[in-house]
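Here's the feature list from TrEMBL:
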- 29-422: domain 'Major facilitator superfamily (MFS) profile' (DOMAIN)
- 21-47: transmembrane segment (TRANSMEM)
- 67-87: transmembrane segment (TRANSMEM)
- 94-113: transmembrane segment (TRANSMEM)
- 119-141: transmembrane segment (TRANSMEM)
- 153-174: transmembrane segment (TRANSMEM)
- 194-213: transmembrane segment (TRANSMEM)
- 299-324: transmembrane segment (TRANSMEM)
- 379-400: transmembrane segment (TRANSMEM)
Amino acid sequence: MGDRGKTEEGADFETAIAECGFGLFNVFILFSAVPCLAAMVFSASALSYVMPSAECDLNLTLVQKGMLNAVTYGGMILSAVPWGFMADTFGRRPVLISGGWLDGIFILCAALSQDTLQLMIFKFFDGLIICGPFAVVVSYLAEFHGKKHRPYIMLFVGLAVSMGSMMLPFLAYFLMPVSIYFKVGSLEFRTWHVFLAISAIPSLLSGFLHIFLPESPKFLMAQGNYNKALKSLQRIYQINKRKSRDSYPVKHLSDVVPDRSEVLEQKSRASSLKERFQKTKEKFLEGTRQIKPMFRKPYLSISIQVYCLHFCQITCVNSVRLWLPQIFATMHVMEAQGFNDTSMCAVVEHNNLAMTLNQEEKKMECDLRHSPDSYLDNITVSGIGLLGFILIFPLLRIRLVAHHILKVRSFFQSTYFCKEII
């Protein structure tokens, strides 16, 4: 009776979201997040599977290959802070919808590229856009789940990313060996163009699915828009419990932020250009104030530690991962040509010598790179990563394992990286 009276008087976010339970809505929002998480993997790694084939058509040098791998991340770095500002001021849902559609469009533009410069430009914009939805979707998922289920959201994110990493080599295995060539006017398209076009599907699908989802109630409450937050929670309750919205036990919401629902509704009716500009300026200044605490005590030292840790992990992973398709393709060519030494040093030397081959020799080597066998090793590596994540998933419920898993993972990751270098 006491809890019932509490929810009718005014409930905080944790109480309100707990009343919604876990059901069909949560399943749908998790399902909608998978394409967004997979899109991040596709954007970052698709060119790795394209380059063994595209280098023959575009005459790529090793420097150009490195720049093509790096340019997507350059876009991500530049857009990280602006996307965070937009998500915290305009909302999570608009970022997920607009980001998904825009990213899909730029990937399709990359699939139309006829030279290296065009490909670099569009992949840069691909990274510039995909950074927003990928960062926001994690917060978006967490803000639709209560304390009971929230710890498993990051595990789900990791699992979805692993699934995306598994899908990409499978797609390359079935598509890249197929010889495709056609012309549309003066534009020439080959297999790798089609591969890039297909890699736009997760981004477009993510933008489409999030149209049917509401804004995060946690975000709305943080903005003081309790009326919309309550409507969002009622919708979740209705889908999960299969009951009417009026039966939702929480009638009023309360939090440290004062209720500004009426003020926000009045501001939303502003129609003049001057009022809209002033509104955007206020939101920008508010976003700037939200960033300031990150550069002050006590958050500064903790933030630096987390950033350094994440930087080292990403560096270790990507230094090998982005080049694996190229390495495995070269190893397959060397084995087909009868080379006994397929070590990393031999692979690097072979790639350098490949730049000096004549057109006929280069064509023969390119044909060998299109074999399906050259993608089997990539599938194996991705499969082991996915299997490892599935195995560790239930162990993370044990507190001792959860506390030390990051240390163990970092140790094995650094050991693997050193082994690859040697």
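Placement of Cβ uses the backbone N, Cα and C atoms for every residue, glycine included.
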List, by number or range, the same-chain residues at least 6 past the transmembrane segment (21-47) whose CB is under 8 A from its CB atoms?
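Result: 54, 68-69, 72-73, 96, 100, 103, 107, 119, 123, 126-127, 130, 133-134, 137, 140-141, 144-145, 148-149, 156-157, 160-161, 163-165, 167-168, 195-196, 199, 201-203, 205-206, 209-210, 212-213, 235-237, 239-241, 318, 321-322.
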Are there 3 or more C-beta pairs under 8 Å linking the transmembrane segment (299-324) with the transmembrane segment (119-141), counting only pairs at least 6 apart in sequence?
no
Over the domain 'Major facilitator superfamily (MFS) profile' (29-422), work out the mean pLDDT and round it to an integer.
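Overall, the domain 'Major facilitator superfamily (MFS) profile' (29-422) comes to a mean pLDDT of 80.
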Would you mind listing the long-range same-chain contacts of the transmembrane segment (153-174), meaning Cβ under 8 Å and 6+ residues beyond its ends?
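30, 33-34, 37-42, 45-46, 49, 137-138, 141-142, 145, 195, 198-199, 202, 325, 372, 375-376, 378-379, 382-383, 385-386, 389-390, 393, 396.
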